[in-house]
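Annotated in TrEMBL:
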TRANSMEM  9-27  transmembrane segment
TRANSMEM  33-52  transmembrane segment
TRANSMEM  59-81  transmembrane segment
TRANSMEM  93-114  transmembrane segment
TRANSMEM  121-140  transmembrane segment
TRANSMEM  152-174  transmembrane segment
TRANSMEM  181-205  transmembrane segment
TRANSMEM  225-246  transmembrane segment
Amino acid sequence: MSAPPRQSAAFWFTSNFLPGPLAIGFVGPLQGLGFWLSLLAIIPGVLLGSLVARRQRAFLGTAVLLPLALILHTLHLQILTRMALHLLPGSPGHWLALALLLSAVLALLGPPLLHRAQVLLAPLLALVLGLLGFAAPLLLEADTAPRQADFSWSAFVALALLAALWQSLLPALVSQGPAHYLGLSLPALGLMSLGALMASAIPAVDTVLSLRLLGERFIPGLGNLTLALLALAMLGSMATQGRALFTALATRPRKTKPACCCSRAS
């Protein structure tokens, strides 16, 4: 039996460039942790979770994979709806239906074309993340948002565990191949750190709005471009998750009835 194919770092970078890591970064400041304390919790959580994902041999069973995929799909659809409200004309419901259709088409086209598109998208996402990472320390001052600073070990440990769980569970929802360590950990570190800084400096508790405001303040149009690229990454992730889920369901062993060993007496 051949081993699952190893995907490139660019594929994993694109697959993890999602609102999830950004939202996890918001958790620390919202729970009373400062920016630097949030970083101290995020960094070991991401590195340990990525190491677990890189070394794990067995993937999640269908009973766990299905609810996780449904939850993640629901969150992505909610975020896409908010993006449509900010960026696109007309009813968000129409754009949401189009997003579902596109993700289904991408899943049906198969992994080769989908992975190639994600690899092409990776440099653009890396450029946008680099620009936002450069802009954030220049435009934002950490721990200036009106939030109550109240350190607690429970909040610190919860943030570290949340970061580690995201990193360790994501590969089973995205691909059947082993994870690439740097490709999985770098976007998570960048997005979670950016989320923690924005949450500690911007009063609005909204990842989409905060990301757009930061980009527009740095370069006009960068905020809208970031949301557009993030939407494309989410569509690709939804397609790969759907494909992985379909594969898990198709390859699930079926129970067979035991053959009757007794014969009717003649």
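Glycine too: its Cβ is placed from the backbone N, Cα and C atoms.
Model, not experiment: these values are computed from the prediction.
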The transmembrane segment (9-27) touching the transmembrane segment (152-174) per 3+ Cβ pairs under 8 Å rule: yes
Per Cβ pairs under 8 Å, the stretch of 9-27, 93-114, 181-205 packing most closely against the transmembrane segment (33-52): 181-205
Residues from the same chain, set at least six apart from the ends of the transmembrane segment (181-205), whose C-beta lies under 8 A from its own: 7-13, 15-18, 21-26, 28-30, 34-35, 38-39, 42-43, 46-47, 50-51, 53-54, 125, 129, 132-133, 136-137, 140-147, 163, 166-167, 170-171, 211, 213-214
Candidate ranges 93-114, 121-140, 225-246 - greatest C-beta contact count to the transmembrane segment (9-27) (under 8 angstroms): 225-246
Outside the transmembrane segment (225-246), six or more residues from its ends: residues with CB under 8 Å to it: 14-15, 17-19, 65-66, 69, 72-73, 76, 79-80, 83, 86-87, 99, 102-104, 106-107, 110-111, 114, 117-118, 121, 124-125, 128, 132, 172-176, 208, 211-212, 215
